[in-house]
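Trainee: Here you go, one structure.
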Amino acid sequence: MTLLMIFTILLVASSQIEGHLKFDIHDAQHYFETFIINYNKQYPDTKTKNYRFKIFKQNLEDINEKNKLNDSAIYNINKFSDLSKNELLTKYTGLTSKKPSNMVRSTSNFCNVIHLDAPPDVHDELPQNFDWRVNNKMTSVKDQGACGSCWAHAAVGTLETLYAIKHNYLINLSEQQLIDCDSANMACDGGLMHTAFEQLMNAGGLMEEIDYPYQGTKGVCKIDNKKFALSVSSCKRYIFQNEENLKKELITMGPIAMAIDAASISTYSKGIIHFCENLGLNHAVLLVGYGTEGGVSYWTLKNSWGSDWGEDGYFRVKRNINACGLNNQLAASATIH
């Protein structure tokens, strides 16, 4: 049975109530068995399967509630549907300000702090819609797996697009180099994007993924400076109150690594998110564009949960409502040599 057929079965088995996707909780066992086939889930014993079903059923109820609240976004069963919220945040995010106990950090390079306090300049002629995916400036969506390396993926994603803008050529850069060699962050236990940029300035450069492939676990640092694909010349940390100020920075500086609260987006499928938790920052993503659809203005963000999540690995949130906690002091970007 193909993936498309299985998804069709799920959608037919569910019902549309007032335009919203709603699953019949009485059919939760059916949805769960289909989910197991769809995502090739394997549980070691019946006890574990029953435990996962309990979580799955709770997530179904949560999906129904989200679909009721969000009139321009759809939530659905996906690969995370048998995980609790705590499991998702522990294994699949990774934003943290904690530092390794044995941290060795050079003080030679720091990001400049940029305050975007002034209202957007009305004379700036910015396009109504913008997206760095246009003209082939974004690499494919990656999957961090069960490693809290979102910070590395967001930082590296920024640099990949900057390289494409400068050279009109896409390359995949190495998140694993940061996981193994960045002594100021905590590998799969989390980190910060601006700190990653600072550490890359200190290291001298970043290798390509083909030369330093992703493992999703911390290993011995294997930097080879003869294989650096680029170097980071400077970086910025943004402090802003008005989200609209990000539009000009996005266009002139390139994609911006952003911190969000990902607690309520795990089952996102498509559309523009209106209602999103903002209880604490825990995940890093990449701001790549903005636009308007159906009268709703939105930001487009690239995630690191694989292309089988969301809108081919991307998601959209409504602009100017601090959706998912976007208004924070951890946004960062860089420039390259």
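A Cβ is built for glycine as well, from the same backbone N, Cα and C atoms used for every other residue.
In case it's useful when we look at the structure, here is the feature table from Swiss-Prot:
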type: SIGNAL; residues: 1-19; note: signal peptide
type: DISULFID; residues: Cys147-Cys188; note: disulfide bond
type: ACT_SITE; residues: Cys150; note: active site
type: CARBOHYD; residues: Asn172; note: N-linked glycosylation site
type: DISULFID; residues: Cys181-Cys221; note: disulfide bond
type: DISULFID; residues: Cys276-Cys324; note: disulfide bond
type: ACT_SITE; residues: His283; note: active site
type: ACT_SITE; residues: Asn303; note: active site
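Give me the local environment of each listed feature.
Mentor: Classification of Cys188 (disulfide bond) by DSSP places it within a helix. All protein chains considered, the CB of Cys188 (disulfide bond) has 19 other CB atoms within 10 Å.
According to its DSSP assignment, Cys150 (active site) is helical.
The secondary structure of Asn172 (N-linked glycosylation site), as reduced to three states from DSSP, is coil rather than helix or strand. For Asn172 (N-linked glycosylation site), the count of additional Cβ atoms within 10 Å of its Cβ stands at 17 [all protein chains shown].
Its Cβ taken as reference, Cys221 (disulfide bond) is surrounded by 14 other Cβ atoms within 10 Å in the chains shown.
Cβ contacts within 10 Å of Cys276 (disulfide bond), excluding its own Cβ and spanning all protein chains shown: 25. DSSP assigns Cys276 (disulfide bond) to coil, not to a helix or a strand.
Shown in sequence order, Leu89, Thr93, Gly94, Leu95, Cys150, Ala259, Ile260, Asp261, Ala262 are the residues of the chain, 6+ apart in sequence, with a C-beta less than 8 angstroms from the C-beta of His283 (active site).
In the three-state DSSP assignment, the secondary structure recorded for Asn303 (active site) is coil.
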Trainee: Can you grab the distance from Cys181 (disulfide bond) over to Cys147 (disulfide bond)? Cα atoms, rounded to a whole Å.
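Mentor: Pair distance, Cα basis, whole Å: 15 Å.
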Trainee: Other Cβ atoms within 10 Å is the metric here; tell me which of the recorded positions Cys147, Cys150 scores highest.
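Mentor: Result for the most crowded candidate: Cys150.
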Trainee: In the structure shown, which of the disulfide-bonded residues Cys181, Cys324 has the fewest other Cβ atoms within 10 Å?
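Mentor: It is Cys181 that, of the disulfide-bonded residues Cys181, Cys324, has the fewest other Cβ atoms within 10 Å.
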Trainee: In whole Å, how far is Cys188 (disulfide bond) from Asn172 (N-linked glycosylation site) when you measure between their Cα atoms?
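Mentor: Approximately 20 Å lies between the Cα of Asn172 (N-linked glycosylation site) and that of Cys188 (disulfide bond).
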Trainee: Helix, strand or coil by DSSP: which one applies to Cys221 (disulfide bond)?
Mentor: coil
